[in-house]
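Student: Here it is, the structure, as structure tokens.
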Amino acid sequence: MPAPTPVKTLDGRLKMRDGNSIPQFGLGVYEMNDQEAYDSTKAALNAGYKHVDTAEWYENEEPCGRAINEWCKETGTPRSEIFLTSKLMHNKTYDQASADIRKSLKRAQVDSFDLYLMHSPIGGPEIRKNIWRALVDAKKEGLLKSIGVSNFGIKHIQEMIDQKVELPVVNQIDLHPFMRHPEIVEICEQNNIILEAWGPLARAMRFNHPSIQKVSKAKGKDVGQIFLRWGLQHGFIIIPKSVNPKRIASNSQIFDFELDDNEMKELDGLDEYLVTDWDVVDVE
């Protein structure tokens, strides 16, 4: 299947393979302490964001959930309008995963997660199979509305296809112009698995690149907005992280311009397999 058609508004949603929908744009809270996660979540919601991505590993599920609940109460917004994602830290056993899901729900003060991911493929085929079964069963119980994976490579996705299990709705990997993972993107799009970019700004490591600077000047947009617009137009879910309220707002201001075909082609040509953080897509 082709990549999803990009949304046109900040609260626009993509339909996932299970029939549920996910806002294409959201806030990432990786490496934020409790106060930063709380304040950034509030700032994002005030800026119009409808999607927050946390994780057991980040140790900030509680402040994210608290900020969302408080903001919804303060503004009269139905809680169902805000999409919350979390992720499983450890791939150990079925029982441990089931228990960890419940602990995360309690910390986030929610009855269910809109999306819950295996944070990595680490552990080997048998462990991955058991952990995924725990997610599938938690979904059947109503604890998880949608389930997906993160940092899964081609062989991990193919493994799931071969096992004929329920496929993930999302694969959250490192995606930006300097790390395109074309083979992973291809197998996911062929199987209607939406790609999600956990580091869409490449940690600002290439903000001074001449091609990025050129497109930035041509569009009258800052370089971060160029990175994010590129991801958006590829149909990726993008969850930029910031603790700065002004940057949180400006990151979302990417719906009033488009990159033309030549600009997209130029940015597509920048791929250098730039690893900005974790790279486990090839683990056994």
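Yeah, the Cβs are placed from backbone N, Cα and C, and that goes for glycine too.
Annotations for this protein, taken from TrEMBL, read as follows:
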{"type": "ACT_SITE", "residues": "Tyr58", "note": "active site, proton donor"}
{"type": "BINDING", "residues": "His119", "note": "substrate binding site"}
{"type": "DOMAIN", "residues": "26-271", "note": "domain 'NADP-dependent oxidoreductase'"}
{"type": "SITE", "residues": "Lys87", "note": "site 'Lowers pKa of active site Tyr'"}
Student: Work through the recorded positions one by one (Lys87, His119) and point out the residue whose CB has the fewest other CB atoms within 10 angstroms.
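Tutor: Lowest Cβ count within 10 Å among the recorded positions (Lys87, His119) is His119.
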Student: What Cα-Cα separation, expressed in whole Å, is found between Tyr58 (active site, proton donor) and Lys87 (site 'Lowers pKa of active site Tyr')?
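Tutor: If we compare the Cα positions of Tyr58 (active site, proton donor) and Lys87 (site 'Lowers pKa of active site Tyr'), the gap is 9 Å.
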Student: Around the C-beta of the residue listed as 'active site, proton donor', how many further C-beta atoms are within 10 angstroms, looking at every protein chain?
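Tutor: By my count, 20.
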Student: Can you tell me the CA-to-CA distance separating Lys87 (site 'Lowers pKa of active site Tyr') and His119 (substrate binding site), as a whole number of Å?
Tutor: 5
Student: Averaged over the domain 'NADP-dependent oxidoreductase' (26-271), what pLDDT does the prediction give?
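Tutor: So the average pLDDT across the domain 'NADP-dependent oxidoreductase' (26-271) works out to 96.
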